[in-house]
Amino acid sequence: MDVSVRSEHSNASDEVAGDAMETGSRSRVAIACQGGGSHTAFSSGVLQELLGDLPGDAEIVGISGTSGGAICAAIAWDGLVRGEPEAAAVKLRRFWGEVAARDPLDKLLNEALLASIRLRDHMAFPEVSPYLLPTWGEERFLQLLRDHLDFAELRRLAGRPGAPALHIGAVEILTGHFEVFEGHELTAECLLASAAIPQLFRAVRIEGKGTYWDGLFSQNPPIHDLPHLNINELWVIQINPSTCPRVPTQTHEIIDRQNELSGNLSMEQELRQIEMLNRLIARRAITDPRFHPIDVRRIALDRDLDYSTKLDRWPSFLEELSEYGRTKARRFLGERRDRSEAVAAPAAGGPSA
């Protein structure tokens with residue numbers, strides 16, 4: 001049995017999902033959403049399709065995310081914990097519609113920010129601390145979250161037996177502790193903490209817990225605890241590309257690739273741990289029945305986008321990414337369905353004479 005970690009493009013048979021079909025049980029699935037600013041509009045599109053067309057043999061038992069991926073994960077979890085995944089798909093689309101820069105002033109600010117980032121690749125710019133800037137950006141962000149999520153009710157729903165898990169990544173600045181906020185403690189401030197890029201936002205203080213920066217500095221996304229949910233499958237929505245088509249030589253190319261590699265570091269390390277566990281199970285070095293292989297698949301944003309676009313809120317750009325995410329998710333579900341049917345077909349035919 002091949003139980004190593006597989007990519008979305010693997011042609012290997014999906015034995016985990018196939019086993020679930022044979023036994024009549026549903027495959028326990030966790031989804032991990034990598035962070036990446038505006039690029040996570042892609043994640044929104046992926047989740048819209050997954051939630052709207054979830055296979056009957058799959059049950060989402062947990063979802064995690066960091067930064068923009070945390071926002072998408074929390075909105076998706078809102079629907080899952082209520083038993084209304086299709087409603088979450090609608091809410092994701094509405095949320096990103098409101099994130100987009102639509103009014104004239106917002107469009108002007110968006111273009112000014114992008115221009116300043118791109119110019120920094122070619123000339124020196126004075127650094128401006130976010131502590132010298134007004135806090136209206138953070139305040140608007142918090143209000144947007146509260147408009148879309150009833151945090152008090154979600155914390156209550158998280159305590160129900162069998163409720164799907166939510167894991168949100170952030171880093172505590174003073175201790176360096178990798179924080180994972182769970183559903184029963186979720187607040188708008190937790191999501192702001194996970195998305196608090198230090199060059200743009202002030203550190204987020206959460207009473208009784210600590211002071212936080214963006215989860216990109218910790219787990220991007222949180223994966224380590226997901227196997228504890230007794231999952232059969234892990235679907236990773238990946239924003240930063242693993243590979244690069246050429247050696248970067250220009251300053252902006254070097255910065256882009258550096259950002260991609262650092263953003264993938266924790267994710268690749270945590271996936272490697274699952275891969276190692278899978279290999280040990282395959283070799284029968286681990287025979288404890290509590291452990292079983294986890295089939296890992298990636299739904300990746302495989303487009304060449306520079307770092308500055310992670311802050312781009314132009315409406316057409318966000319919608320294009322979202323639509324691409326929906327397209328990739330449809331392809332992913334179709335390939336998963338084909339693999340499951342291929343595994344189930346011989347079993348349905350029974351032993352040959």
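A Cβ is built for glycine as well, from the same backbone N, Cα and C atoms used for every other residue.
Caution: TrEMBL annotation is automatic and unverified by curators.
Remember, predicted model here, so these are calculated numbers, not experimental data.
Annotation comment: TrEMBL describes 1-23 as region 'Disordered'.
For 1-12, the entry in TrEMBL reads compositional bias 'Basic and acidic residues'.
What TrEMBL lists as domain 'PNPLA' is 31-227.
If you look up TrEMBL, you'll see 65-69 marked as motif 'GXSXG'. Beyond the ends of the motif 'GXSXG' (65-69), by six or more residues, the same chain brings 32-41, 43, 167-170, 194-195, 197, 214-216, 218-222, 237, 239 to within a C-beta distance below 8 angstroms of the stretch.
Per TrEMBL, the feature active site, nucleophile maps to SER67. Close to SER67 (active site, nucleophile) in the fold, though at least 6 residues off in sequence, lie GLY35, GLY36, GLY37, THR40, GLY169, SER194, ALA195, ILE197, ASP214, GLY215, LEU216, ASN220, each with a CB less than 8 Å from its CB.
Annotated active site, proton acceptor per TrEMBL: ASP214, in sequence order.
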- Query: DSSP helix, strand and coil counts for the motif 'GXSXG' (65-69)?
  - Reply: 2 helix, 2 strand, 1 coil
- Message: According to DSSP, does ASP214 (active site, proton acceptor) sit in a helix, a strand, or coil?
- Response: strand
- When you measure from the Cβ of ASP214 (active site, proton acceptor), how many other Cβ atoms are you left with inside 10 Å? 28
